[in-house]
Structures are given as structure tokens and as C-alpha cells.
Amino acid sequence: MYGKSPTRAVLFLLGLQLTALWPTAAVEIYTPRVLEAVNGTDVRLKCTFSSFAPVGDALTVTWNFRPRDGGPEQFVFYYHVDPFKPMSGRFKDRVAWDGNPERYDVSILLWKLQFDDNGTYTCQVKNPPDVDGLIGEIQLSVVQTVRFSEIHFLALAIGSACALMVIIVIVVVLFQHFRKKRRAERAHRVVEIKSKEEEKLNQEKKASVSLEYTD
């Protein structure tokens, strides 16, 4: 009996050390930090995750909302095997599941945006035994019109440059075409003038010859 106690103690200590060395399992959440959308349109709130554990029926997803002007946190959406929409509140009939857990995507769709939808949307994923980790946050701004971002300005600049190049090419081609046409017209006029002068000279020669015969 006493001979087994040291062995158990060693195994217990070894187990504690292995537990301390084993990395803590945590779910990593990925969301766009800032999102801008136009009033009255629909928007996709993207949320993806990574987990050490395989995705199964134990996976749960919780979406909540914190208004920008303050107030209590509000329920938006819940997923566990099947999606559960809110039965009441501001998001009733305005939210839909648009995720695919097998692809680590737990995004949702928010329809008919309103200005009071401004605020922070949180995405929390638990995939036992991975239950720890930070909660994803999206700062949504509902605006009247979307402001131009750097990407929009870059696309506009590239489009304008391409349009300018096309216009320059068209102008050069037209210029060369009209230039060749004018040269051809000038050459044709020169030929006509020369032919008229030659014809006039021939007529004068004929007239002089006829005068010589009459003399």
C-alpha cells in the first residue's frame, strides 16, 4: 500500500506538468472592425472563426447589439444546430442566417437598415472544448450615402486614366486619318493642276502649229 503512494504522487505531478504545458484551447474570431452601409439597404455582417476542435453539434453562435447612443445590449441572433431568429424587438424579421459552420463562417444578414442600427455588433463562437477567446466586434455606421474610400478613389483614378488613354488614342488615330486625307486631297489637286496645265500647253501648241500652216 505504501509502496504505491510515491508512484501515484509522481504520476499526479507529471499530469499537472503536462496540463500546464498543454496550450489553452481558444476560438479565434475574425470580423471587419468597421463597416459602412446605406440606409434602407441590406448588409452582411461577416464573422469567421478558427478552432482546434472539430466543428460539431456543440457549436453555438451568439450575435448581440450595443446601440451607439447607449442603452442595454440587445439580442440579434443565435445558432445551435439550427438558426434561431429573434421573435420580438427591433431585429424581428430583419435578420437571417448566412453562415456555413463547416467553412468556419457564422455570418448573418441584416435587412432594411435604419439609422438607429448604428452601433456595435458582437459575434461570439463557442466550439467545445474550445470555449474561450475574444468576442468579435463590428462597428456599423448607417449613412445616407457611402463615402468614397481609398479603394474607391483608386478605382476612380484608374478608370479615369484608362478613359483618358482611350480618348488620346482616338484623337491620335483621327488626327492621322484626317492628315492622310488632306495629303491625298492636296496630291489629287496637284495632279489636276498639272493635267490642266499640260492640256493648256497642248492646246497652245496645236494652235501655234495651225497658225504656221495657215501662214
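Count begins at 1; order follows the chain as displayed.
The backbone N, Cα and C atoms fix where each Cβ goes, and this holds for glycine too.
As recorded in Swiss-Prot, the features of this protein are as follows:
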- CYS47-CYS123: disulfide bond (DISULFID)
- ASN39: N-linked glycosylation site (CARBOHYD)
- ASN118: N-linked glycosylation site (CARBOHYD)
- 1-26: signal peptide (SIGNAL)
- 27-154: topological domain 'Extracellular' (TOPO_DOM)
- 176-215: topological domain 'Cytoplasmic' (TOPO_DOM)
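What Swiss-Prot annotates, mapped onto the structure for a quick look.
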{"residue": "ASN39", "record": "N-linked glycosylation site", "contacts (Cβ under 8 Å, 6+ apart)": "LEU113, GLN114, PHE115, VAL142, VAL143, GLN144"}
{"residue": "CYS47", "record": "disulfide bond", "contacts (Cβ under 8 Å, 6+ apart)": "ILE29, TYR30, THR31, VAL61, TRP63, GLY99, ASP105, VAL106, SER107, ILE108, CYS123, VAL125, GLY136, ILE138"}
{"residue": "ASN118", "record": "N-linked glycosylation site", "contacts (Cβ under 8 Å, 6+ apart)": "PRO67, ARG68, ASP69, LEU140, SER141, VAL142"}
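Take the CB of CYS123 (disulfide bond) and look out to 10 A: across all protein chains shown you find 26 other CB atoms. DSSP places the residues of the topological domain 'Extracellular' (27-154) in helix, strand and coil in these numbers: 11 helix, 59 strand, 58 coil. Broken down with DSSP, the topological domain 'Cytoplasmic' (176-215) shows 39 helix, 0 strand, 1 coil. If you take every residue in the topological domain 'Extracellular' (27-154) and average the pLDDT, you get 92.
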